[in-house]
Amino acid sequence: MKLSMSMNIFYITILSLFFIESILGRSIVNENVKFTAVNFHGNKHAMYYLTAESLEPGSKLLVNKNKNYYTWYLTTLSDPSKVYLFNSLVGSFGGVTDLCISLSEEKNFFGNNYLNIVRCADSNYKFKYLDLDPEEPYLKIIKIFNLDDTPLTDSDGNEYCVYYDGYPSIDKCGDPRYNFNLSWTMTVLGDINKPFQQSNDGSCGNLINGFFTCPGNYCCSQFGFCGTSSLHCGQGCQPEYGHCD
């Protein structure tokens, strides 16, 4: 009994030291990362902007007129990016949330997924605004991508874009000159800086007070915790904030 208790204390001590060294013993690296604030409006009705019903995860996206819309921000304009949400209306910057655009399980009459907002760690999609021809006002689309930057497609290989409607959905990309519901305009509002830091408490991801990465070869799980298990490094792992298998 004494030997068993001693061994347990030994293992607990080793694990505690490992945790302290790997997480708490690391310094925080402060670095500001630039993001670009944008808004999107449909070219079919130019004053209707892409927004969300509310700031609750699971809320559907919708288009709204004039001042009643939220601002979005992107990590890059040149490559596919998750689309993050500000908590302010009327195109102002406000505060950065941990909400991103995703695909809802709910579908429209044609069997296409609506768009909604979820916690960023739960969003498996990126988006890219493409101005296909500056001389053509309607040749502007928002294409949808997987996390590995490959286009989202149906079983026949048709790529998906964002479809403009009262409640926007996905739809097969086509020529927006002949289907104005596929045509969008993105307006760049300016750049913002949000601190990018190394975690010192084991949490990671897009948090209210900054973006937090895991130290060393630790993985950031889909639930926002650093670790090395398959639950951290496998499905849902966030490559922006740590190592992933």
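Residue 1 is the first one shown; counting continues down the chain.
For all residues, glycine too, the Cβ spot is worked out from N, Cα and C.
TrEMBL entries are annotated by machine, without manual review.
Taken from TrEMBL as is:
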type: DISULFID; residues: Cys214-Cys226; note: disulfide bond
type: DISULFID; residues: Cys219-Cys233; note: disulfide bond
type: DOMAIN; residues: 201-245; note: domain 'Chitin-binding type-1'
type: SIGNAL; residues: 1-25; note: signal peptide
- line: Rounding to whole Å, the Cα atoms of Cys219 (disulfide bond) and Cys226 (disulfide bond) are apart by 5
- prompt: Out of these disulfide-bonded residues, Cys214, Cys219, Cys226, Cys233, which one has the fewest other C-beta atoms within 10 Å of its own C-beta?
  reply: Cys233
- line: Cα-Cα, Cys214 (disulfide bond) versus Cys233 (disulfide bond), nearest Å, comes out at 12
- prompt: In the domain 'Chitin-binding type-1' (201-245), how many residues does DSSP assign to helix, to strand and to coil?
  reply: 7 helix, 13 strand, 25 coil
- line: If you measure between the CA atoms of Cys226 (disulfide bond) and Cys233 (disulfide bond) and round to the nearest Å, you get 9
- request: Can you check how the pLDDT averages out over the domain 'Chitin-binding type-1' (201-245)?
  value: 86
